[in-house]
Amino acid sequence: MIRIQQLHAQISETAGSKGQPPEQKTQYKLDWFKNNGWGYKDTKFILEQDGAVRLTGSKYRFSNQKMMKFKEWAEAKVGIDLSLNCEAQVEIPADPPIINEQFVNAIQGLFNEVSFDNAQRILHSHGHTMQEIYELRHGKLARIVDCVIYISSHAQAEALVKLAQEHNVMLCVYGGGTNVTWALQCPKEERRMIVSVDMSRMNHVRSVDRKNMTALVEAGITGKDLEKELSRYGVVCGHEPDSVEFSTLGGWISTRASGMKKNRYGNIEDIVLSVKVVTPTGTLQQSLDYPRVSSGPDLNQIVLGSEGTLGIITEAVIKIKAQPEVCKYESILFHNFALGTEFMYRLSRSKVWPASVRLVDNNQFQFGMALKTMPHSKREEFMDKIKKYFVTQFMQFDPDQMCLVTVVFEGTKQEIEFQEKKVFELAKFYKGFRAGAENGERGYFLTYMIAYLRDFAMQFQFIAESFETAVGWKNVPSVCENIQRRIVEECSKRGVEKEPFVSFRISQVYDSGATIYVYFGFGYKGIADPVKCYSEIEDAAREEIMKNGGSISHHHGVGKLRKQFMQKQIGDTGVEILKRIKQQIDPKNIFGNQNLI
C-alpha cells in the first residue's frame, strides 16, 4: 500500500507540472455515472406513494413527469411484484490489487492519471449485462483490474503497450463501458497484473475535411460528444446505437456496431475509412483516406469486431454527412405483428428506407403506452380518449394484438416528402394507420429507457435483458415463434413461478433480412441462483435462434457471453484463422481478455 500511495503522490505532482492547474478537479466517470447500474446518477425510475412511476433528474424529455399507468401494467402484464423490495448492497467488495513492482516503477512520470482506487477498479471491470449488474448489487465481481491508466495520446498508447510487453502485464481497453457481452470481465484465472486502459481523455475531433467529407477522430470520444463537436462544422456522423450517450467510437469499431439510423448513415463498417491501432508488434496504420481501394484484403476488417484482443484503437478516419435539414418522427399502427412484419419486408424491397424504421410487437407497444405521462390539461386528456375510441372502436384495432412501426425521417424537405408518400402508401396496403409523431417519439424514448427500467425492475426481484440476432426474411416468423416457445419452456423447467415476459422488435431492415431484438424477463422469487438460471435460459434461446437460421449477433458482438457459439457460426477454419492472427500480432497475450474464441 505504501508503494501505491507513493505512486498516487508522484502522479499528482507530474500532472501539475504538465500544465494542469492543481486546483482544477479532473472529472471522472464515477462523478456522474452510477457505480451499480446504468446511466446518470441523478436518473432513475422511482415508485411514488400514489402509485405513479417517475423518472428522476432532468436529462430526458419526460423526466419528472408522472406515469400513472406503468404500475398497473407492470403488475398485470409483466408479472412484477412491486411489494418485493430488494435493495442493493451499500459497498461493493473488491480484492486487493496484484502489483507488478517493476511495471509500477517503469510507468512513473509517464502518465498523468493512474488509479488504484477500488471504485475505479470495479467500474473498469464490468459492462452492463444483467448478470454483471446483479453481481454489483448483490455480490462481487470474481476478478477486477488492478490499476487504471488514463492515456491522452497515441504516443502514450505506444509507450504503455511497450512497457506491458516488457513486464508481462495484461491490458484491457475501456471505452464507454456499455458492453453487453461480458467483454470487460477479467479472466478469473489471470494472475498477471491487469491494467485497464481508459480512453476517455482521447476524446477530440482532430480535423474535419468538408471537401472530402471525412473527419479524423480520437477513439475515446462518445457518440454524444462526437455529434456535438461535428455540429460546429455543420456535419454529422449519424451513428446512433441505443448507447450513443455513453459508448465510444473505439467501442463501436471493436464490436462492429450498428446504429438505429444505419439506413441513412450506414453501419460502423460503412462509416470507418481507416483505423490506427497500437498492437504488441507495432502500430497498424493505413493510408486509406480514399473512396475505395483494391490493395489486397481489407485490414480494417481484422480490427472491426476484434473486441480488444489485438491492441488499442487510438483514432479513425470516418465519413461524415451534412446535417439534415429536417428530422421528423412518425408512427404507423398495424393490426398484428404478422402484418407489420410483411410491411417491413415489402419496405426493404422498395429501397425507400427512412433513416430508421422499427416494428415493435404488442407487448412492447403496450410497454411504451404504459410509460405515457399524465395529460397536461383536460383538453389533452379528452383528446387522448377520443383517439383511443377512434382506433379501437371505429378502426377495429384490437388492443391486445396491434403493434407499432416507429419511423425517423432525416434529410432534405424534398427527400422526406418523397419517403413519407411511399411509406404511407405501402402501410395503407397492409391496413396500417398513421399514428403520429408523438407515438413515434415515445417509441424511441423507450429505447433509451430500457436499461434504466431493467435496473428498476431488479429492485423488485425481477431480472430482464435483451439480445439480438440477424436473420433472413423467410425465417423471421419462425425465429420469433420458436424463441417465445423455448423461453417459456426453459423458465418452466427451472421453476419460474409466473410466465416470463417476452417481446420482439424488428429494429433494422436489409435486402436479405432483418435484425430482431428479443426482450425477456421473469420474477426470480424462490430461485436459488437467479443469474445462473437466467444465463441458462438465454443460452437456450441463442441455440434456438441458430437452429432457426439466426446469427450469433447482429451488433452487440461476442465477448465471453457468446463465444461458445463461435465455432458453429464461423466454422473450424474460421476459428483457426482468428487464433493465428491473434498469436502473430500478440504472442505474449498482452491483450488477454479472452473474448471471441
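Cβ atoms are placed via backbone N, Cα and C, with glycine included.
A TrEMBL annotation is a machine prediction, not a hand-curated record.
Annotation source TrEMBL lists active site, proton donor/acceptor at Tyr517. Close to Tyr517 (active site, proton donor/acceptor) in the fold, though at least 6 residues off in sequence, lie Ser466, Phe467, Glu468, Phe504, Arg505, Ile506, Ser507, each with a CB less than 8 Å from its CB.
All chains included, 17 other C-beta atoms sit within 10 angstroms of the C-beta of Glu245 (FAD binding site). Positions annotated as FAD binding site by TrEMBL: 242-248, 255-258, 307-313.
Among the features that TrEMBL reports, substrate binding site is placed at Arg454. Shown in sequence order, Trp38, Met130, Ile133, Ala464, Glu465, Gly521 are the residues of the chain, 6+ apart in sequence, with a C-beta less than 8 angstroms from the C-beta of Arg454 (substrate binding site).
The domain 'FAD-binding PCMH-type' feature in TrEMBL is assigned to 137-323.
Positions annotated as site 'Important for enzyme activity' by TrEMBL: Arg358. Residues near Arg358 (site 'Important for enzyme activity') in space but far in sequence (CB under 8 A, at least 6 apart, same chain), listed by position: Met260, Val405, Thr406, Val407, Gly443, Arg505, Ile506, Ser507, Gln508.
When pLDDT is averaged over the domain 'FAD-binding PCMH-type' (137-323), the result is 96.
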